[in-house]
Amino acid sequence: LAKHPEIKALMKPDYNLIWVVVLMVLAQLTAFYLVKDLDWKWVIFWAYVFGSCISHSMTLAIHEISHNSAFGNSKAMWNRWFGIFANLPLGLPYSISFKRYHMDHHRYLGGDGIDVDIPTNFEGWFFCTRFRKFIWIVLQPFFYAIRPLCINPKPITRLEIINLLAQFSFDIVIYYLWGVKSTFYMLAGSVLGLGLHPISGHFIAEHYMFLKGHETYSYYGPLNLLTFNVGYHNEHHDFPNIPGKSLPLVKKIAAEYYDNLPQYNSWIKVLYDFVMDDTISPYSRMKRQLKGEVKQD
């Protein structure tokens, strides 16, 4: 910032995010209606080909909203309510809990017992062969859901209860209006999109140490168009209050800080390399023993 103070001008809300999220919710509602009378094979096909992309993209919209990128820091609660709305087409309550844990990830990256992005000792011990690592990738949504309860359980909050009630009410309405196929499409899209899917390469690309000494990596490939530029991950951790839309500008302005860092151009290759490289496993993360006072959401 001392060298490039113009970056401060990028620290403002991205109001376009609001309209993008609304359109994504409407797109999924349309899809729920269209699949209700299809054969099961086509429900599964469209859940993976289309629903999974929208669902995973929506989780990254929720990531943006967790950083108050939709309405700004001065309207934090507006962002929380909007996150609950964006959560609806995913089928499972996620937004409020994600925000609480994700702030810990930024404050205490790799913090043992705090950062639930770090796999458990069981994951590192068991998913150590090529086949098991492949299964681990398939099951990633389940591990991301269960891991916080094992590593850093937190008391449930009022907003999380509201998130849960709103979500299950929405699910019941979808089932009542359009039946089991639409409900299955909604839930399957979320599970498939966060598991064995090209976009899911970002889970591993972001912080797994393929090169010793480098714990955060950026990806500059085309899938950033579907993921609110989450691939610009070094840039995001340097400036978490800059919306994803503006992260390419950060890289352009401060190119001397980012261009020479290790980077990826393919999340699919990241997934392949993770499975096939016998030196990489869920253990391949930087873990820190935190000292001093720890403040959590």
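Each Cβ is built from the backbone N, Cα and C atoms, and glycine gets one as well.
It should be emphasised that the depicted structure is a prediction, and the values quoted were computed from it without experimental measurement.
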In TrEMBL, of the candidate ranges 81-98, 135-152, 171-188, the one given as transmembrane segment runs 81-98
Other parts of the chain folded back onto the transmembrane segment (81-98), taken as Cβ under 8 Å at six or more residues beyond its ends: 18, 21, 24-25, 28-29, 32, 54-55, 58-59, 61-63, 65-66, 70-71, 145, 148, 157, 159-160, 162-164, 166-168, 170-171, 183, 186-187, 190
